[in-house]
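Student: Please read through the structure below; I'll follow up with questions.
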Amino acid sequence: MATRLVCRDCHRVLDVEGDEQCPACGSNSLTEDWAGYVVIAHPEESEIAEAMEVTEAGRYALKVR
Ligand SMILES: [Zn+2]
């Protein structure tokens with residue numbers, strides 16, 4: 001199983017492999033060095049989403065180095 005990449009800019013957990021861009025924000029600053037995994041289904045009702053400044057549903061990493 002391939003290591004999941006996380007976008008350093010928007011913290012989305014991505015299904016891409018290699019040197020691709022983040023499909024959400026277009027950043028090419030992706031990292032394998034991340035920890036924690038949170039699924040935000042309803043960002044408008046989620047305190048986690050508010051704390052992370054997330055406005056779109058999706059999968060996000062809690063810590064990105
Ligand atoms: Zn991104």
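Residue positions begin at 1 at the first shown residue.
Positions of Cβ are set from backbone N, Cα and C atoms, glycine also.
Annotation comment: TrEMBL describes 4-65 as domain 'Spt4/RpoE2 zinc finger'. Annotation comment: TrEMBL describes CYS7, CYS10, CYS22, CYS25 as Zn(2+) binding site.
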Student: Tell me which of the binding-site residues CYS7, CYS22, CYS25 sits in the most Cβ-dense spot, judged by other Cβ atoms within 10 Å.
Tutor: CYS7
Student: With a radius of 8 angstroms around the mean position of the C-beta atoms of CYS7, CYS10, CYS22, CYS25, what other residues of the same chain does the Zn(2+) site pick up?
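Tutor: Along the chain, the qualifying residues are ARG8, ASP9, HIS11, ARG12, LEU14, PRO23, ALA24, GLY26, SER27.
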Student: 10 Å Cβ neighbour count around CYS10 (Zn(2+) binding site)?
Tutor: 21
Student: Would you report the average pLDDT that the model assigns to the domain 'Spt4/RpoE2 zinc finger' (4-65)?
Tutor: 92
Student: Give the residue counts of the domain 'Spt4/RpoE2 zinc finger' (4-65) per reduced DSSP state, in the order helix, strand, coil.
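Tutor: Once the DSSP states are binned, the domain 'Spt4/RpoE2 zinc finger' (4-65) shows 9 helix, 18 strand, 35 coil.
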